[in-house]
Structure formats: C-alpha cells, structure tokens
Amino acid sequence: MSQEEEETPQTTTTRRTTRLSSSSNHTQNETLKKPITNLPSLTLKNLTFTHNNKPFTYDDLISSLPGRKPQIAEILRLLGPVNSPLSPLFVYGSSSTGKTSTILQVFKYLNRPFVYSSCRSCYNARQLFDNVLNQIMLHRRNGSNGYSGVKKCEKAADFVNFLKEGLRSVVEGLDGDMVYLVFDSLELVRDWDKSCTILPLLFRLSDVLKVDGVGLVFVSGASIDTYHSDTGFVDPVPVYFPDYTEEDLRQIFMRNQSNLKLRSAFLDVVLKPFCRVTRRLDELSTALSPLYEKYCEPLDDLSVVPNEETKRRLFSCIQPHIAPALNEIFRVKSQQSLEAGGKEGLKRKTSSKKFGTSDSIDDLDFHMSTSAKYLLVSAFLASRNPATLDASFFDSTGGSANQKKKRKSSEKSRDLKEASEQEMFMKGPGTFPLERLLAIFQCITSGLEDSLEEEEEGLQGGTGLGGNGGENSLMSDILLQVSSLCSANFITKGGSCPLEGSTRYRSTVSDDLALKVARSLKFPLSKYLYRR
C-alpha cells in the first residue's frame, strides 16, 4: 500500500520521462554519495606554480602588472637570491591596487614554494591555522578523511608546534630551500576575537618558530601603524602600493582587447572624469563595462576603426549614462579632498582610526539645525581631545601662554605629559561633563551668537522672546538639543563621576560623520583635533 502511494505522483508523467528521470536521479545520488578518492596526492610541487612547460619571464611579469614595475623591483630586491635570509615583508596600500596579484606573480616568476592564506576566507583564528597547516602538511580534504583538517588547533601554542613540525619536513624535502608564508587581507584579523594575541603572534612568527628557511609576507589594506601594540615585535619591511595613475589604468583597460582603436576612443572620453572620482580598479571595471557595451551598440562590425564622426556618434550614445554612473555607483573619498597632499604622512603619524578613510559623500542625509551641528562637533572634540589641551586649542591667545610655560618645563615632564596624552588618545572616545561640552560649544560659536539666536527664534515661530530672557531661552534650547542628541544616540549619557558628582557624556559619532557635519558648517575640524 505504501509503495502504491509513493508511485502515484509519478503517474502524471509519461513512462519514458519517468524512467529517464529516475535513472538520472539515481545516478546523481550515487555520485553524491560516492566520496571523491581518485584525486592525486599532494606533493611539494603543489607549493609552486606550474608553468605548463612555458617559461614565465621577467618581461611577462612586468607586462602582466601595468604600473607596478617599481614595486616589483623592490619586492625582488628584498626577496633576494634563493635561500637568502628574509625579514618579514609588509605589503600595504588601498583596495584594488594589485597587491595580491603582484605577490602571486612574483612567486610564479621566481618559481619558489609558498603557502597562501587569505584572512578574507576565514572568520576566526582556527580556520586560518587549519588552512596553513593543511597546505604545509600537504593534506587534502576529501570524503575519505571526513573533510577534516590534518590537525586540530584549539590554541595558538598548538599551531606553533604543528607548524614548526610541518615546516621542518618541507624544508628537508626541498633540500634546504626556503618556503614562504603569505597572509593576505591581514587588516580583517583586527575584527576577530582575541585579535590582540593573534596579530602579535603572526608578526613574531619567525622568532617563535626558530626554523631556518622560512619567510613571511603580509598583505594588508592598512598601514603598519594600525597594528602597533605593546608586545614588542619588530616592524616588518614595508612596501607601499600607491593608487593607479590614469595612464596605468589606461594600460590595464587596454589589455586583451581585440579592437585597440575602438577601446582607446572609448577611454579617451570616460576615463578622465571617472578617475576624478575613484581610481579603484574594481569600481572602474564595474562602471565602465556596461558603458562600453552602450558605446558599441550602434556598431554592426566591432572591428571597425572609428573616425571622428563615428566617435562623436558613439559618444552621444553614452553621454546620458555617464552622469548617473558617476552619481549613483561611486562615492567620493573624503580623504582625497581633506588632505590630498599629506595622506602618507598622516598614516605614519597616528595609530588610530584615520579621518576620511572610508568612502562617503559629503552631504548629510538628514536635517539638523546649525546649533545641533555645533553641539555635535563640540561633543566629538570633547571625546577625542584630552581635557588638558582645551586651553591651548580654545583660548583667545592661541595657546601662547601655555607655550611659554612649556619652555620652562623640563624635558622629562614633557615626555610624561605626552605619554599620558597618547595613552588617553589610544583609549578611544572619552567621557566629558556637560560643563566642558558647553564651554567648547561657546568657544567655537563665539562669533556666531547672532545667527544662532536668529535660528532659534525662527524655530520658535517668532514668539518675541528677547531682552533679558533671550539668553536664558537660548541656553534652554541648547540643553534641549543636547537631550535630543542623546535620544538620537549621537551622544550617550553615562553614570555620574564619583569624584565630580556630575553626569558624564560620550560622543558616539564616527570620524566620517563628524567630518561631514564640520564641512557643512565650514568648520576647520582638523585644526582643533588632537593628533600626536
């Protein structure tokens, strides 16, 4: 009875279809159930690139990476000849600047064994450890071993011991040749659990392993300053990858094109305006690909060499689509317009989160009154700056009196003061009392009382408040807006200080949001922000 019930749904189809579908389903199920065991075992040759009997020359290396010849030469110089001692390399730069491709192509050219592990494909330390150990011990996950790793690493000490064991066997199998460990997207490790112990371990891995013939290469989207800690590891050798120039991008987009004349005519009209917005290769590829299809739509023959009349006709096809692509797809980097000249110097001067490093537009996507914006900026400065520096930032003499006092102080006291200020700065946004917030607000709006009063009167609907009660009314409105900022979670309200007995506040706005608010006010935020 049960068999008849199972066969009834199949009676609606033909007998031929039922037999074919059942046989195909049976074959697919057998294929899925059968473990894949016919894969060849991994050998030491799997740690190097296979060239398919075609040599990969230096010219091939340079041509495959346009605009990266100086970086390639620097990396080859640092790697040196075979089995040369290598200090850890730290390759860093913005996203989509060719860091990973350059490292992989260099090892392909040198034909040296390496283990590549991307922190982007891992979300914790255990997965990263398993990935490294599986490669170094030539272990392949398959159905015969239950798709399990070669070793179980619950602790960092276990990873070090297993890695030391695997590296020694690999180096012996390579007759003493070096093997390199490449860790890509290292900046993502900072978001993992126990990252404060994982990152120092990776940077000190060569000292901890004490195995000859091992080189370390780190690839990161952030500078080495953002990884500093008190563990005492030696800084690796940095190799910086700048953004592509317009000529570099042109060479990249001209590669592997069947009609170079047509592609060049297209890039002549679109590349320059898009490079003003972004130089990231992935963003440009996403935007230019559909535009190029629109550009070629009127052509019946894609191999034609366009003349001036054809170029004008093709440009008219994509002209309506250029502005929407610039406005909707990309986001202007605030760092380029804030401090275009001192970007690299700023990276080396601060070890905290930088201003304007994320892609964001300058316009606020919400309405806020002018006084609320100044309050938001004041709260941001109160959380980011030490309270001891308020006088030097906001006094009427521009800090000249404090500078005279600093000359009389000893060098030791200055060092102690700077160390305490840096420690406070590294702790993140600090708390502040309401009195300090109002004092900073009054200092930065000292020349704007009239405009703020007019705005408050406009918000009140022209109630005619003035005379002696005008100042009290303005202060009550300021306190009301502080309460509104707390309700909107721009400012958090904490407990009272046991020593002062007053309520403490903390600014929760990001650097990008504070920068956009300051720009809308035309307020020089960087002038009042403490940076070591």
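Every residue, even glycine, has its Cβ placed from backbone N, Cα and C.
Since this is a predicted model, take the numbers as computed values, not measurements.
Quick look at what TrEMBL lists:
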type: REGION; residues: 1-35; note: region 'Disordered'
type: COMPBIAS; residues: 9-24; note: compositional bias 'Low complexity'
type: DOMAIN; residues: 65-205; note: domain 'Orc1-like AAA ATPase'
type: DOMAIN; residues: 265-315; note: domain 'ORC5 lid'
type: DOMAIN; residues: 368-529; note: domain 'Origin recognition complex subunit 5 C-terminal'
type: REGION; residues: 392-424; note: region 'Disordered'
type: COMPBIAS; residues: 410-420; note: compositional bias 'Basic and acidic residues'
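Shown for the domain 'Orc1-like AAA ATPase' (65-205): DSSP residue counts in helix, strand and coil, namely 75 helix, 16 strand, 50 coil. Counting residues of the domain 'ORC5 lid' (265-315) by DSSP class, helix then strand then coil, yields 35 helix, 0 strand, 16 coil. Over the domain 'Origin recognition complex subunit 5 C-terminal' (368-529) the predicted model carries a mean pLDDT of 71.
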